[in-house]
């Protein structure tokens with residue numbers, strides 16, 4: 001498929017055109033940098049203030065501002081991104097609103113709408129625009145394929161207290177991913193989800209240094225530490241490269257063993 005040629009370095013994604021949403025920090029930022037290192041041309045999409053404050057270690061990212069709560073803005077930003085790239089091979093839908101909203105009994109309509117609008121509807125609209133661009137650029141013809149990677153969460157299939165809106169929206173992303181995989185297979189578009197567990201988005205192991213959070217990680221994560229954004233980005237590279245050509249409708253869980261056991265299961269094991 002066509003690319004704009006912002007990056008010409010050899011790598012596993014050489015010649016590929018990619019869009020990453022939620023690109024200004026954490027997993028999104030690490031994915032942008034990993035894709036650039038692997039030779040892709042990359043549009044980094046996020047809220048304007050966040051993009052303005054972001055400096056990538058790898059040169060070449062094309063910043064485009066977009067608010068995932070604004071439906072019209074999504075279509076416009078995606079069209080701009082595809083035009084500037086000259087096509088689209090890879091979409092990483094990672095933009096999300098994080099955090100809890102209190103007990104379910106106190107969950108307001110406004111908070112529910114806010115989380116669903118960004119995390120669920122924003123993902124849907126981004127992926128629909130991306131898939132349409134991929135088909136228009138020739139995905140599914142002459143053996144050409146494309147990739148959509150959603151960023152879910154262990155909360156896509158595991159609940160936690162006082163986060164009903166976030167958990168429900170992330171669960172929706174999981175099923176949307178599977179539905180897209182089925183519908184888009186005929187067009188050569190492979191769709192998969194990455195489900196991270198606790199990730200230190202500061203990137204320097206300080207995000208979980210607060211004693212309560214540190215103890216929680218020790219109790220709940222088999223590896224005894226939070227993940228790093230770069231460890232999640234590694235999976236995003238794998239799912240985007242040619243070697244993943246028979247993987248679709250699947251989830252890669254990156255949680256250090258959190259979902260493999262009962263919460264608190266490591267409490268005795270570390271003594």
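Each Cβ is built from the backbone N, Cα and C atoms, and glycine gets one as well.
What Swiss-Prot annotates here:
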- 20-44: NAD(+) binding site (BINDING)
- 153: substrate binding site (BINDING)
- 166: active site, proton acceptor (ACT_SITE)
Three-state secondary structure, which DSSP defines for residue 44 (NAD(+) binding site): strand
Greatest C-beta neighbour count within 10 angstroms, which of the binding-site residues 20, 36, 44: 20
Three-class DSSP secondary structure - residue 153 (substrate binding site): coil
Inter-residue C-alpha distance, residue 24 (NAD(+) binding site) and the residue listed as 'substrate binding site' (nearest angstrom): 18
Inter-residue Cα distance where the pair is the residue listed as 'active site, proton acceptor' and residue 44 (NAD(+) binding site), in Å: 24
Binding-site residues compared (32, 40) - the one with the fewest other Cβ atoms within 10 Å: 40
Residue 153 (substrate binding site) to the residue listed as 'active site, proton acceptor' - Cα separation in whole Å: 10
Cα-Cα distance linking the residue listed as 'active site, proton acceptor' and residue 28 (NAD(+) binding site), given in Å to the nearest integer: 18
Integer Å distance between the CA atoms belonging to residue 40 (NAD(+) binding site) and residue 166 (active site, proton acceptor): 31
Cβ packing number for residue 166 (active site, proton acceptor), 10 Å threshold: 23
Neighbour count (Cβ, 10 Å) for residue 24 (NAD(+) binding site): 24
